[in-house]
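According to TrEMBL, the features are:
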- GLU143: active site (ACT_SITE)
- CYS100, HIS142, HIS146: Fe cation binding site (BINDING)
- 174-198: region 'Disordered' (REGION)
Amino acid sequence: MTIHPIVVYGEPVLHRAADRVTEFDDELRTLVADMFDTLAASNGVGLAAPQIGVGKQIFVYDAEDDVAQVRRRGVFINPVLVGSKVSDGRPDPDAESEGCLSVPTLDFPLKRSEKVTINGKDENGETISLVVEGWFARIMQHEYDHLQGTLYVDRLQDKWKRRWKREQKAEGYNVPGVSWLPGTDPDPFGHGEDDEED
Ligand SMILES: [Zn+2]
């Protein structure tokens, strides 16, 4: 069991498209197992490989699907995501706020697709697929974005973008080399409260 440090906004690997996985071997399966351990220690709902400094198209998730009323835990490798049209208008700060383990302590509202289809491979190279809605669809979009080098704060509407820019400066989330270690460093989102980060 290895818990990896989570890198913070400004680390270059977060801001470039991740590489496709070509070898479905034991090394990959160890990496995926480490990602599940790191996710659990971070109290998050999703974790993408670039967040532990690995520029590969892999993410893991472990969260309640409120719409289907099941807990979903799994991995997507080399995923392709197709989402429904994102509705116009302003995001609801209560119902549509998002956070990210690579942007510690902050959250901002953001509109997302209500429904997504996601196809990819698991750690054994088997084809897998999910069709999900609501909060869980948001998690899938957030993690998929990570593999394209996009973080949710890069998508904010102007009002929230201005707030993010201020916070980014104040927190120093604009330089490489910053990370935190889940389970060792203080939980940046105060685990036990209502927020869920991914
Ligand atoms: Zn994230």
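Placed from the backbone N, Cα and C atoms, the Cβ positions cover glycine too.
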Round to the nearest Å and give the CA-to-CA distance linking CYS100 (Fe cation binding site) with the residue listed as 'active site'.
10
Please give me the CB contact count at 10 A for CYS100 (Fe cation binding site), counting all chains in the structure.
27
Note down the number of other Cβ atoms within 10 Å of the Cβ of the residue listed as 'active site', including every protein chain shown.
25
